[in-house]
């Protein structure tokens, strides 16, 4: 018996090969297999958001006006979450809630579920697009890995957090002022600013901004004067083989400033990747914790002493009182279906009052 080893070649292309050739063809806008997920989902998510902010009211879900048609502007318009009574319903247009009635579906908050789902899939499609292109041109996949940070934050905030609560109602609505309201809600009900995962997220994002500013300024400061152009952009050939700036000079400069400096470009750029992505992932993990109602840092001894001693108060105890005020105000305003009424004597008062 003879076994022949070799590369198998097909005589003619099948449907998959034809599709692969067309999708991955070199064109102005790359499509790829990832584009089958990215482009339709991005189109539907953006289209749903523009439709909702232009025409759809939030009167039936939040008791609010939220569209341009009702007088809102870009900062106050939003696609609002479904009512709390709908819990975690997928709110399909053909489902038992809307029963195929598009107007009723919009009034119930179906557009929010539509935008959230397609938005998440579009972000995942964009990450897969970066994977696919990187593989095609034989690059490492670090762009896609970095983009996992924003995806983790989006999925944790818009999907996982409300899944841990009583319904989609407690997710952020898709609008600028609506997300500001959600941030205040997070602070009042979860003391989010004192959560260690939020602290790591802030350190990551602001640290990344600092690293970008330092890196950009350092590169500009140490450019080689190779060209005759009057500015940076005309001085160099985009296909040049030589270095654009002096890493050695930059290293000497920061060694004198801080006493330490990055010794090579690989470590420097990996650190610039690591800091923001880790910060975003930590924030996402923190939000998953909030979905389970895990608490932030509590300094109970300070709260007890502040309650017993009228002259003792810290910034922490003042913030706790502020959180109580946010809860007392937002619970009644934000959940009108609960008919909550708080008499004045139960509202929080600081020792200074």
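Cβ coordinates are placed from backbone N, Cα and C, and glycine is handled just like the others.
DSSP gives residue 118 (chlorophyll a ChlzD2 binding site) a helix state. Feature annotation from Swiss-Prot assigns chlorophyll a ChlzD2 binding site to 118.
Sequence-distant contacts of residue 130 (pheophytin a binding site), defined as residues of its own chain at least six apart whose C-beta falls under 8 angstroms from its C-beta, comprise 141, 143, 144, 147. Residue 130 (pheophytin a binding site) carries a helical DSSP state (H, G or I). If you look up Swiss-Prot, you'll see 130, 143 marked as pheophytin a binding site, on the strength of sequence analysis.
Annotation comment: Swiss-Prot describes 215, 262 as plastoquinone binding site, evidence class sequence analysis. Long-range Cβ neighbours of residue 215 (plastoquinone binding site) (same chain, at least 6 residues apart, Cβ-Cβ under 8 Å): 268, 272. Secondary structure at residue 215 (plastoquinone binding site), taken from DSSP and collapsed to helix, strand or coil, is helix.
For 2, the entry in Swiss-Prot reads phosphothreonine.
Residues 67-70, 72, 77-83, 106-109, 111-112, 114-115, 118-119, 121-122, 125-126, 169, 173-175 of the same chain sit 6 or more residues outside the transmembrane segment (41-61) yet have a Cβ under 8 Å from a Cβ within it. For 41-61 (among others), the entry in Swiss-Prot reads transmembrane segment, with the evidence type sequence analysis.
Residues or ranges marked as transmembrane segment in Swiss-Prot (evidence: sequence analysis): 125-141 (among others). Remote same-chain residues near the transmembrane segment (125-141) are listed as 24, 30, 32-35, 37-39, 41-42, 147-148, 151 (criterion: CB distance under 8 Å, separation of at least six residues from the stretch ends).
Sequence annotations record features per position, and here Swiss-Prot assigns transmembrane segment to 153-166 (among others) based on sequence analysis.
As annotated by Swiss-Prot, transmembrane segment applies to 208-228 (among others).
Marked as transmembrane segment by Swiss-Prot on the basis of sequence analysis: 279-295 (among others). With a cut-off of 8 Å between Cβ atoms, the residues of this chain six or more beyond the transmembrane segment (279-295) that come close are 148-150, 152-153, 155-157, 160-165, 186, 190-192, 195-198, 200-205, 207-208.
Look at residue 262 (plastoquinone binding site): DSSP puts it in coil. Listed as Cβ neighbours of the transmembrane segment (153-166) (distance under 8 Å, sequence separation of 6 or more from its ends, same chain) are residues 81, 84, 87-88, 116, 119-120, 123, 172, 280, 283-285, 287-288, 290-293. Over all protein chains present, the Cβ of residue 118 (chlorophyll a ChlzD2 binding site) has 21 other Cβ atoms lying within 10 Å.
Under a cutoff of 8 A between CB atoms, and with a sequence separation of 6+ in the same chain, the neighbours of residue 262 (plastoquinone binding site) are 251, 254, 268, 271.
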